[in-house]
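Can you read through this structure? Questions will come right after.
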Amino acid sequence: MQAKDEEEYVEITIDLVGDSLVVQNIVPRGDSENTHNDVVRDEDSVADDDNQVVIQSNSETAYDHAATRTRRNMPGGSDRFPNGLEFMRINRLDGSSWAQIERRFDELADRFGILSKSHFGQCIGMRESKEFADQLFDALARPRGITSASLLKDELREFWEQITDESIDVRLETFFDMVDKDGDGQITEEEVKEIILLSASANKLSRIHHYAGEYAALIMEELDPENLGYIELYQLEELLQGSAQSNYLETDAESRVLSQLLSQKLKPIIEYNPIKRCYRWLTYFVADNWKRIWVIGIWLAICVCLFTWKFIQYKDRAVFKVTGYCVATAKGAAETLKFNMALILLPVCRNISTWLRSNTKLGVLVPYDDYINFHKVIAASIAIGVGVHAGAHLTCDFRRLINATDKEYEPMEPFFGQEQPKNYWWFIKGVEGWTGIVMVVLMAIAFTLAQRSLRRNRLSLPKILKRLTGFNAFWYSHHLFVIVYVLFVIHGYYLYLSKKWYKKTTWMYLVVPIFFYACERLLRLFRSEYQRVKILKVALYRGNVLALQMSRPHGFKYSSGQYIYLNCSIISPFEWHPFSITSTPRDDYLSVHIRILGDWTRELKRIFSEICQPPRINQSGLLRADIEQVNDKTKMPRLLVDGPYGAPAQDYKQYDVILLIGLGIGATPMISVLKAVLNDVQQYKEIENGMVKSGVRSNKSKHNAMKKAYFYWVTREQGSFEWFMDLMNEVAEKDNYGVIELHNYCTSVYEEGDARSAWITMLQSLYHAKHGVDIVSGTRVKTHFARPNWRHVFKHLARKHVNQRIGVFYCGAPVLNRELKQLSQDFSRKLTTKFDFHNENY
């Protein structure tokens with residue numbers, strides 16, 4: 001402890017005994033070791049007796065100050081702040097060091113070796129937090145008497161050492177100095193408001209700007225009950241420590257032991273024997289992909305059999321003597337083309353796959369979630385088949401026919417005519433030739449525009465080419481398949497070497513799949529006209545999300561997690577776009593949340609923006625329209641609905657424990673599942689406790705006894721939480737059995753423990769404790785900062801649900817898909833807890 005008199009400083013060592021502090025030793029110290037000249041209040045309560053001073057507990061203020069002054073001599077600073085208080089945590093993870101800072105200094109400094117304040121943030125690695133870096137610069141420069149807005153390298157080195165000092169006390173004093181701009185050791189309400197605004201800007205939390213004054217007053221009310229008009233360092237530390245502990249999950253001894261055991265089991269095993277290593281990899285691969293393996297295996301076997309059968313058949317014909325293996329290869333490839341052109345239609349028969357998924361047990365054998373991938377695999381095989389078929393004809397057998405002698409050509413006269421072909425034009429001008437060329441061109445267009453980078457306009461192309469790409473181009477080009485199939489049948493009918501109708505088998509392959517697909521499209525058309533919907537509510541939220549609530553068509557049945565297709569005839573009578581259903585089967589309406597990304601959604605937003613009205617004070621959303629508020633003269637756009645269709649999330653009832661993960665708008669399929677789980681649990685518990693009539697009690701077995709549901713929603717923008725604010729509050733209020741755990745993450749906020757988010761953490765903890773509302777999300781659910789540590793999440797679930805199977809359902813950008821899938825596989829292989837990963841196509 002440091003106390004100050006008129007001439008010198010002393011170091012006082014104290015112990016806590018009962019309700020009193022006992023001073024054990026007093027040692028004089030030099031002025032140079034004192035960093036702050038704060039005066040200890042209530043000094044009259046200190047009495048000296050043989051170098052032992054007893055500070056009575058009735059002076060709480062003196063106790064608080066004494067505790068503050070002994071901070072530097074007390075060990076365990078990191079225990080006071082479990083999450084730390086770091087200025088450069090992110091940069092240290094990136095491997096930042098003084099050598100890197102020095103290189104940046106040399107790049108940014110002027111020719112006199114002086115670094116301006118404007119480049120300070122960039123130099124130390126705070127490029128995205130310039131205002132915060134400027135404030136930090138002032139806090140570091142003020143105690144050193146630096147008044148200019150520039151630094152020499154040696155001064156920057158001192159700054160850097162203080163910023164990266166591992167002592168929690170040094171960090172705390174630096175943090176305090178950032179707020180205490182006048183250096184008087186006291187923080188006023190205005191200074192608190194300024195730092196709140198600064199933290200809100202650094203973390204891209206625009207809503208906090210509007211309430212900065214209210215939050216500053218709340219902090220002063222909490223820390224300055226005597227209305228002195230200021231707070232001091234020890235009070236700020238108390239608030240920091242309280243918020244850190246409230247956000248820090250301490251595990252008991254048993255949990256720590258289990259966690260250590262899990263860590264030991266999850267350690268990668270190094271296998272030096274290459275044979276054993278390959279065997280283990282193969283075992284894991286088969287275990288993780290056996291559904292795909294057997295489906296692909298059967299498909300490949302059929303393709304090989306068809307190719308071989310047709311190859312052998314033509315090897316025994318007279319044409320083989322002229323063209324050799326060329327024609328046999330071309331015909332073998334053509335036979336696989338017929339099969340694949342038929343098969344490629346089945347995965348996109350969505351009504352059939354939805355019915356099979358919902359009404360049969362084939363899901364244990366068939367990977368329904370991979371239907372798009374299987375469609376792509378078949379498309380790739382068609383491209384290969386076309387290449388082999390056309391290549392064999394153009395480079396081999398046509399050339400041999402043109403160059404054949406009269407004697408060699410004589411057996412070919414019944415097929416090609418008495419006049420021998422003289423050049424390639426003879427083949428191209430025929431029906432077989434031009435139909436083949438047109439098909440190849442159309443398929444090449446559709447295949448190219450279906451690529452993800454072109455479909456989502458992610459390539460930097462000239463404006464002219466830019467207009468020829470995007471979802472619309474993909475959609476319309478894919479419907480060229482109608483022309484392709486017509487030409488395919490014609491091409492297969494006018495064959496050179498087959499004249500009998502029953503040997504022209506192209507139509508035989510296609511008739512059944514085309515029939516199913518035609519019925520599929522007719523059903524969609526009929527159902528969309530029959531299932532008319534009426535728009536009830538519209539809301540346009542921050543983050544460019546449009547929420548639509550529509551009337552539920554009569555007889556429209558669906559499961560939580562499924563999706564529908566929407567069509568707006570004003571935009572385009574032909575375009576249909578899929579969106580996850582966010583309402584539940586028990587609701588009397590349909591709702592979807594649409595992220596504005598492409599041309600179609602932007603046009604939909606424009607149409608509704610002309611109709612919507614500004615929100616009321618107690619309503620969320622930037623624009624909204626309820627049907628009763630809309631003027632009679634206002635005409636709502638007509639929407640058509642097609643569906644519902646099966647999706648991975650609808651299989652949540654197969655598990656007692658589920659982990660739902662949504663990235664941004666990818667949370668939409670999980671919202672319906674959460675609502676359904678909440679409703680099912682409430683009804684199940686009522687039935688279980690005998691709280692309903694006996695007639696309902698008999699249906700107990702039909703309800704899902706969900707034991708636990710975990711929902712992790714990771715979003716980049718604070719405004720995104722408005723999308724599902726009502727659901728978050730509903731779960732927090734009605735989940736009396738603790739079945740659902742909600743975890744919101746805002747990645748724009750620096751992780752907990754970073755000095756840039758420390759004030760947000762303090763405010764969040766204080767405001768939630770007092771009002772029960774989170775300042776970031778505006779809901780009852782506290783928001784975590786930065787990205788989740790997914791390995792810790794899986795580890796936590798594995799520890800809590802030993803010997804259980806957990807369903808992991810993810811929807812969002814592909815960037816996280818691989819990591820979650822890998823974690824599911826790793827934990828399932830090495831632990832008794834099994835994780836079944838399901839990915840929603842996004």
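Keep in mind that glycine also has a Cβ here, set from the backbone N, Cα and C atoms.
Predicted, not measured: the structure shown is a model, and the values here were computed from it.
Per TrEMBL, domain 'EF-hand' is recorded for 167-202. Annotation source TrEMBL lists transmembrane segment at 293-312, 433-450, 471-494, 506-523, 657-678. Per TrEMBL, the feature domain 'FAD-binding FR-type' maps to 528-651.
Describe the structural context of these features.
Here the transmembrane segment (293-312) has Cβ contacts under 8 Å with residues 286, 328-329, 331-336, 339-340, 343, 365-367, 374, 377, 381 of the same chain, all six or more residues outside its ends.
Through the fold, the transmembrane segment (433-450) approaches residues 379, 382-383, 386, 390, 427, 469, 473-474, 477-478, 480-481, 483-484, 487-488, 490-491, 494 of its own chain, all at least 6 residues removed from its boundaries and within a Cβ separation under 8 Å.
Here the transmembrane segment (657-678) has Cβ contacts under 8 Å with residues 545, 560-561, 563, 579-587, 592-593, 595, 647, 649, 704, 706-716, 720, 723-724, 727, 730-731, 734-735, 739-740, 793, 797, 801, 804-813, 816, 820, 835, 840, 842 of the same chain, all six or more residues outside its ends.
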For the domain 'EF-hand' (167-202), what does DSSP give as the number of helix, strand and coil residues?
26 helix, 1 strand, 9 coil
